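Structure first, commentary second.
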Amino acid sequence: MTHARLTVLVGPSGVGKGTVVSALKERHPELVVSVSATTRDPRPGEEHGVNYLFITEEEFDELLRNDGLLEWAQVFGGNRYGTPRGPVEEHLAAGRPVLLEIDLEGARQVRLAMPEAQLVFLAPPSWEELERRLIGRGTETPEQQQRRLTTARTELAAQAEFDTTVVNDDVERAAMELAALMGLK
Ligand code: ADP
Ligand code: 5GP
């Protein structure tokens, strides 16, 4: 069995990462999307082990001590998020392509740890459309939205570090482009 490739998807909050990845999973149930660990509280409807592993600060420290995370970052100045190393390595070794949906700092760590990983940036069709989507989603307070938009400027400025940019103009089209990049048939 050949060792499959790791793909990292990064994009500003509200660009549609979750939406595009759901569309991709629907077409390709064989795709493994890594479940991150986070210290943030679940939002209504989110499930432990499905959306995230919701863990305490102490449990996160323990994972770090045991080298249990492939990468991690403190996102939007608050909670910590990280990718559990074991499942990613096991799926790749078994020949299953794995997708990580993480932030820019995490992507930079993956590039150093696994130079063979493919880094894909998901970009909005325009800045105005990004604002519309983030605000329209309505899951953050106006202060949190502003913080995410400030971070978005940094993320958009880092696009050149990525192997490829996919524009999320249309969910199905963007999902198909991502599937092709990952070699999913
Ligand atoms: P992210 O995971 O990147 O933070 P979401 O997947 O939550 O973003 O999407 C943010 C909002 O934008 C949601 O309301 C979603 O329905 C909407 N959205 C996502 N992709 C598109 C698209 N291609 N066209 C229009 N709206 C979109
Ligand atoms: P949210 O709280 O909206 O689910 O996610 C906030 C941010 O955390 C998003 O930009 C997302 O990409 C990032 N994120 C989620 N999981 C991870 C992870 O495992 N590692 C890193 N570095 N960032 C993550």
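Every residue gets a Cβ built from N, Cα and C, even glycine.
The shown structure was predicted, so the numbers you read here are calculated from the model rather than taken from an experiment.
According to TrEMBL, the ATP binding site annotation covers Gly11, Pro12, Ser13, Gly14, Val15, Gly16, Lys17, Gly18. Residues annotated as domain 'Guanylate kinase-like' in TrEMBL: 4-183.
The DSSP secondary structure for Lys17 (ATP binding site) is helix. Among the listed binding-site residues, namely Gly11, Gly14, Gly16, Gly18, the Cβ with the most fellow Cβ atoms inside 10 Å is that of Gly11. Within 8 Å of the centroid defined by the CB atoms of Gly11, Pro12, Ser13, Gly14, Val15, Gly16, Lys17, Gly18, the record's ATP site, lie the Cβ atoms of Leu122, Pro124, Leu130, Arg133, Leu134, Asn168, excluding the listed residues themselves. With a cut-off of 8 Å between CB atoms and residues at least 6 apart in sequence, the same chain places Leu9, Gly11, Glu101, Leu122 near Lys17 (ATP binding site), listed in sequence order.
Neighbour counts of Cβ atoms within 10 Å were compared across the binding-site residues Pro12, Ser13, Val15; the minimum falls on Ser13. Secondary structure at Gly11 (ATP binding site), as computed by DSSP, is coil.
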